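Below is one structure, written out as structure tokens, with a few remarks after it.
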Amino acid sequence: MVGNHTLTKFVLLGITDSQFAQVPLFGLFLLIYIFTLVGNIGIMFLVWAVPSLHTPMYFFLTHFSFTDICYSTVISPKMLVDLLSENKTISFAGCVMQFHGFAFFATAECHLLAVMAYDRYIAIHNPLLHMVVISRCICQRLVAASYLVAFLSAIVYTICTFGGSFCGPNQIDHFFCDASPVLKLVCSDTHSSEIVISITVAINAVGTGMVILLSYICILHTVLRTNSAGSRSRAFNTCASHLMAISLFYGTIFFMYLQPASSHGSLDKVVSVFYTLVTPMLNPLIYSLRNKEVKDALVKSRRKVLSHW
């Protein structure tokens, strides 16, 4: 899977080399990670526990929360340990596994976002046929297809990133094993690898991005034809918040992976923090807690818990 190499480990230089900033950053990122876990696990449990949420939208949302947890967990624990540790090394195999896990779950999230957008379009455009078009079997197939495409894409990313020869420096100027800083350490020519990575990212990100964009355009077109001003207002608010989160995620992905490795700089670490740490924390708030069905389910669950005390 990987090419010839003499390195057995890498050194992650981290977010900053300032000793004074590392402890505050540790506290901040630990809180973000905890909120990410609590928010996403809470959504998954709520959907499982409340029968009224057993719909296609929330079925997709549980998998979306699962990928948020996973790809944040692939990055955050190691980064938190490194902020307080002098030894910031990671084995070659560990670096490969971290990158592959991140690429897999991040790509799966792109496809799940597209599936969720299409599901919302069907639900709003033709609510009477929604459960027929997006049946339980179709839901499972769409999710399985998302994971399959993500897994195959992650293999391509990983082979292109680690398939060269590593015979020189072993310091990765990043807080995790990402493609661009790793490719800078490859001794052999990486031009073809960069092209393949860019093409695969474009197929996944641009393809799913177009599905999302077209779905929301159709949703807005359908909503504008409704007579209820209240319904239009709620739909616009929901679409605006969803598109904001999608824009943040896709904007950072495009910035990071659709430019040559030689163009990357210090801003990459700041951008990476957004899509690896901040976005997974915000998604439960944007996609669920702004939703009336989820708020009602939370109230009912709280009453049920309190009634048993």
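FYI, residue positions are counted from 1 along the chain as it appears here.
Placement of Cβ uses the backbone N, Cα and C atoms for every residue, glycine included.
According to TrEMBL, the transmembrane segment annotation covers 25-50 (among others).
Sequence annotations record features per position, and here TrEMBL assigns domain 'G-protein coupled receptors family 1 profile' to 39-287.
Positions annotated as transmembrane segment by TrEMBL: 96-118 (among others). Taking Cβ pairs closer than 8 Å, the transmembrane segment (96-118) reaches residues 1-2, 57, 60-61, 63-64, 67-68, 70-71, 74-75, 78, 90, 142-143, 145-147, 149-151, 153-155, 157-158, 161-162, 176-179, 182, 204-205, 207-209, 211-212, 215-216, 242, 246, 249-250, 253, 275-276 in its own chain, all 6 or more past its ends.
Positions annotated as transmembrane segment by TrEMBL: 138-159 (among others). Proximity of distant same-chain residues to the transmembrane segment (138-159), defined by a Cβ-Cβ separation under 8 Å and at least 6 residues beyond the stretch ends, is recorded for 1-2, 56, 59-60, 63, 96, 99-101, 103-105, 107-108, 110-112, 115, 179, 196-197, 200, 203-204.
Taken from TrEMBL, the feature transmembrane segment covers 195-223 (among others).
Per TrEMBL, the feature transmembrane segment maps to 235-258 (among others).
Taken from TrEMBL, the feature transmembrane segment applies to 270-289 (among others).
Mean pLDDT, taken over the domain 'G-protein coupled receptors family 1 profile' (39-287), works out to 87 on the 0 to 100 scale.
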